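Notes follow the structure.
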């Protein structure tokens, strides 16, 4: 019986071509494996970046500190014997008949930088158009404004950032001071109502734009409904919709012929 020859050991060597580096199997597998890193190409969803609100809280603190300083300068017990909240000492409020908002006297507000037309125009003190934004007439006044600022401003600062909201706050407040100077010729004016209305306008602008788009869509649909004609041929059951803008009876007959043919 013939004995089978033992199998020869065959060694295969693969040489790279023209200096190309040899590729290990693990490296080749790693290259062929698809990358799991999500791409952020055009048209793909990108998460919304929220800003950390810090400017609005700073505004609240500044207004509160300035109101405290105003009450300290006011020193009601020194000028009146019927102050409200005498346990507060020199921080006590003026009598209700003088200031029903629980705050300082008008003369103190004027001293602190309240808006007065005569001092702005004839006294050459235009800085009062800005300084009046940070002053408030009383506790009720500052509470209402600061609560509104927190409720409106925090969300807007998260969405648009502190630079835009800060500029909008100052510009809107300056515009409100100008209007106040034009229409309130006598007396003084304080408060950040103009700045708050500017922030409120930004909040409502999105709703206004959506309403305008909806009204435009409704107008387009209603304007087209009057020019549409739905026809059904009784002989073959075919139906269709046709536009009859600036059409006449001959065109309607031609449509009927095409539909029933």
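In case you wondered, yes, glycine gets a Cβ from its N, Cα and C as well.
TrEMBL entries are annotated by machine, without manual review.
Predicted, not measured: the structure shown is a model, and the values here were computed from it.
When TrEMBL is compared with the stretches 208-226, 227-245, the one noted as transmembrane segment is 208-226.
The DSSP breakdown of the domain 'Peptidase S54 rhomboid' (124-220), given as helix, strand and coil counts, is 79 helix, 1 strand, 17 coil.
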